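The structure appears right after this line, and notes come after that.
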Amino acid sequence: MRSDVIKKGLERVPHRSLLKALGITDDEMRRPFIGIVSSWNEIIPGHVHLDKVVEAVKAGVRMAGGVPFVFPTIGICDGIAMDHRGMKFSLPSRELIADSIEIVASGFPFDGLVFVPNCDKITPGMMMAMGRLNIPSVLISGGPMLAGRYNGRDIDLITVFEAVGGYKVGKVDEETLKAIEDLACPGAGSCAGLFTANTMNSLAEALGIAPRGNGTVPAVHAKRLRMAKEAGMLVVELVKRDVKPRDIVTLDSFMNAVMVDLATGGSTNTVLHLKAIAESFGIDFDIKLFDELSRKIPHICNISPVGPYHIQDLDDAGGIYAVMKRLQENGLLKEDVMTIYLRKIGDLVREAKILNEDVIRPFDNPYHKEGGLGILFGNLAPEGAVAKLSGVPEKMMHHVGPAVVFEDGEEATKAILSGKIKKGDVVVIRYEGPKGGPGMREMLSPTSAIVGMGLAEDVALITDGRFSGGSHGAVIGHVSPEAAEGGPIGIVKDGDLIEIDFEKRTLNLLISDEEFERRMKEFTPLVKEVDSDYLRRYAFFVQSASKGAIFRKP
């Protein structure tokens, strides 16, 4: 066993003595040592209950004959970090999470690992660490929050953000706003729609590294604790069989994950995270795969923020394995990839049942004929940009409008809420990329303001920043290269016409080639003052969003 290096032999007497200080017995020294990575804390609603999930994992490890050891990592709630300096630290936390786990699991040679994340950057950060370490592993998340209820309908955090815009224009009164604030988030779990956290936890199922139901079983259901026990038992079996993450996760696994993402209409952040995770697994993954597959995979699940359903409804309808059954029915699922169950994913999916034909529609009756995400290219995005196609209003699928340029998200939000943005405008928010922010903040407030102000059918937004999984509308993020790296988004001027064609996947600045070249030649990127030692280092090492916003390798 990998842990024998601290347990066996004369030279390891001091090591055993220290382990006995923890209460470890001689019998336990002969068993697999299982590390459990916990991101429990008391400030993230999606993580406040993870101590109970971790206890269930520990029970499962012991049931299977292993010895559990819990160690922590950090986490940030993007919702609470939104609209202030804290959002600059959200995406950078992903790298710290992966690094910290790699450090602990290398300093202590565990035989296996169970990863217990839940929210936006924590799940991908843990998956990156899993790929790097390549130790037998299982991921079990904390699960989604239940939707809130107000006035006879389900609501969630995005309802709150959009209600703020509605209040500004008199569509929502103060009493209603307060009621929505009080009721939208009823308890523990990751926010209730198909936002980034729930998308990533769902894609972990499709990758084969998490138990069935990982992405959809609500946080407060007892089934979540049973799944956590199962995760603890599964990892011990993987250790005994010496099955490692790279034996499970292949390019075909990523293709399954992308297809699930497109079929469900997942978060745009998945493009960023899947690219980074693939790099950690040593897999060559081109983001163009999203666009190639989106032409084949229809959008079949209409889940918040683009539809009326929530994750609990998807769970009731059969969950992610039922979505994969639709792929299987149409001959698209990559069936031969392995899973943590030591069974092929195709065999497991055959056992799945689709329990609601409206929540998970057949391919011949989709919500949209193409997948939920698209990659756009053009003279404004030579390395690509990302759009949530399932959230684009029909009349905005092709749009030409004048640019209104902002150098950060706060400026843009103030302008939108004060009525300075008019129908037809294209809001351009730049210097919000990985390097320029630094930290590639989410632009949830400006997009929610556009929706709340009743402009979603008439205003587009493009940015080198990114979006919350809750953003929707004619919005395009991850524009690469970013302005801080000399990208063309940096040369846009107020009043320039911008053409967006979601159908053709193009994003272009409508100026002459000569003018374009002149501006690019004369362009000097703005350099922002950075008041954080870590963010200065992050900005120095981070790469483009098109490369997953991972660090440059020495």
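Every residue number used here counts from 1 along the chain in the order it is shown.
Positions of Cβ are set from backbone N, Cα and C atoms, glycine also.
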Look at the Mg(2+) binding annotation in Swiss-Prot, where Asp78, Asp120, Lys121 are given, and name the residue from Glu411, Glu432, Glu442 listed for that site too.
Glu442
Checking the contact step here: among the recorded positions Cys119, Cys191, Ser468, which have a Cα within 10 Å of the Cα of Glu442 (Mg(2+) binding site)?
Ser468
Measuring Cα to Cα, how many angstrom lie between Asp120 (Mg(2+) binding site) and Cys191 ([2Fe-2S] cluster binding site)?
10
Highest CB neighbour count within 10 A among the binding-site residues Asp78, Asp120, Glu442?
Asp120
Give the sequence-ordered set of same-chain residues, not counting Asp78, Asp120, Lys121, Glu442, with Cβ within 8 Å of the centre of the Cβ atoms defining the Mg(2+) site.
Ile76, Cys77, Ala81, Met87, Ser90, Leu91, Cys119, Thr196, Ala197, Asn269, Ser468
Report, as a single number, how many Cβ atoms besides its own are within 10 Å of the Cβ of Lys121 (Mg(2+) binding site).
29
At the Cα level, what's the spacing in Å between Lys121 (Mg(2+) binding site) and Ser468 (active site, proton acceptor), rounded?
11
Can you tell me how far the Cα of Cys191 ([2Fe-2S] cluster binding site) sits from the Cα of Asp78 (Mg(2+) binding site), in Å?
10
Translate the DSSP assignment of Glu442 (Mg(2+) binding site) into the three-state scheme.
strand
